[in-house]
Amino acid sequence: MKKHSARVAPLSSYSAQVLTCPISEGEEGSESHAETPGSETSGEATAYQTCANTVLKVLGGLLVVLCISSSWVGTTQVVQLTFKSFSCPFFITWFSTNWNILFFPLYYSGHVATTREKQTPIQKFRECSRLFGEDGMSLRVLLKRTAPFSILWTLTNYLYLLALRKLTATDVSALYCCHKAFVFLLSWIVLKDRFMGVRIVAAIMAITGIVMMAYADGFHGDSFMGVALAVGSASTSALYKVLFKMFLGSANLGEAAHFFSTMGFFNLIFISCVPLILYFTKVEHWGSLSSLPWGYLCGVASLWLVFNILVNVGVVLTYPILISIGTLLSVPGNAAIDVLKHEVIFSVVRLAATCIICLGFLLLLLPEEWDTVTLRFLTTLADKKTEEHGEELTESSVHTRSRSRANGAVSIPMA
């Protein structure tokens with residue numbers, strides 16, 4: 001099956017990558033291969049071009065990181081502003097998820113603007129629907145493949161919004177970062193991924209942070225319930241990502257756009273009855289449609305859509321590890337807004353719990369071969385120090401002999 005765009009990691013955890021610039025092969029290469037001046041110039045130009053591309057990719061990644069963090073912080077803060085006049089979390093979740101329908105049209109517009117080989121929307125849609133199998137899209141496939149992920153998606157976002165009604169944005173965003181640890185545990189148990197001791201330590205740190213966060217105000221009241229809701233959101237998010245990897249594998253940008261738009265359609269068609277049920281049962285009641293805070297609702301939905309687009313586009317444009325860091329940076333971003341605008345005072349226990357969770361998140365970003373790479377780097381460093389020390393001893397010996405000759409000293413061989 002041919003793919004016209006680069007594959008991206010599944011919507012699960014992103015693995016860390018080592019950022020390197022190509023360098024010349026060194027003295028051994030120059031000795032074993034006789035190169036002409038023209039080939040040397042060409043090789044240097046290629047190396048410089050590769051390094052320049054890497055630098056641009058990193059700089060672009062940093063810009064994407066800033067945009068991802070800003071969009072997620074903006075989503076969280078606007079949700080809390082919306083709750084002041086419209087406290088209906090499921091309606092907000094349903095309304096925002098409907099905006100995922102726009103993902104594929106936006107992707108197709110970018111495809112038309114950036115490629116020479118033009119395809120009709122139907123052709124591109126059918127090509128991207130191969131994510132669901134060779135038979136493409138059908139009602140049976142929609143219900144079988146899309147329904148579970150759409151339900152998990154809605155449940156994740158709904159629990160996240162419920163947690164925001166009881167905790168600060170900083171606490172909720174920090175607790176949500178635990179989903180990375182849950183993804184590792186589920187992947188290790190279900191997908192039989194490689195066991196890594198450092199990630200077990202990170203998972204333990206995440207659990208420790210959760211317990212400390214719940215203990216901060218005692219194991220009772222709204223605080224404990226908010227922690228439970230945030231952890232539930234992280235758990236369903238992890239389950240969503242592991243199941244995606246298990247049943248759908250990896251997806252390129254077009255397939256991801258198709259998948260999100262399909263989930264939006266499923267949400268609009270099949271889940272629209274839930275807000276109506278909540279309305280008539282007085283669980284979530286609102287007045288007339290004209291009285292709804294449409295500005296806040298559209299702001300939340302647009303920021304959420306931008307965040308999802310940036311996460312999937314960013315994996316294609318830059319290094320996946322930077323995308324994960326962008327999500328983590330939402331924690332200090334929300335903390336700054338909570339302190340400066342809402343004048344929130346964080347207890348020592350909450351700060352410690354947040355730092356432990358964030359540190360565990362960073363440990364989970366280490367690549368699988370991080371120990372081998374680290375040992376190789378330390379061995380190389382030790383060898384270089386040994387060589388430098390040997391050279392210094394040789395130079396010192398030569399300098400001593402030259403001084404001895406200058407002073408007229410004569411070395412008499414022993415019989």
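Keep in mind that glycine also has a Cβ here, set from the backbone N, Cα and C atoms.
Automatic, uncurated: that is what TrEMBL annotation is.
Quick look at what TrEMBL lists:
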TRANSMEM  55-74  transmembrane segment
TRANSMEM  86-108  transmembrane segment
TRANSMEM  147-164  transmembrane segment
TRANSMEM  173-191  transmembrane segment
TRANSMEM  197-216  transmembrane segment
TRANSMEM  223-244  transmembrane segment
TRANSMEM  256-280  transmembrane segment
TRANSMEM  292-311  transmembrane segment
TRANSMEM  317-337  transmembrane segment
TRANSMEM  344-366  transmembrane segment
REGION    388-415  region 'Disordered'
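For the transmembrane segment (292-311), the partner stretch with the most Cβ pairs below 8 Å, chosen from 86-108, 173-191, 197-216, 256-280, is 86-108. In this chain, the transmembrane segment (197-216) does not touch the transmembrane segment (86-108); fewer than three CB pairs sit within less than 8 A of each other, excluding pairs fewer than 6 residues apart. Counting same-chain residues at least six beyond the ends of the transmembrane segment (55-74), those with a Cβ under 8 angstroms from any Cβ of the stretch are 19, 169, 173, 299, 303-304, 306-307, 310-311, 313-314, 317-319, 322-323, 325-327, 329-330, 333-334, 337. Most Cβ pairs under 8 A with the transmembrane segment (197-216) among the ranges 147-164, 223-244, 256-280, 317-337, 344-366 are made by 344-366.
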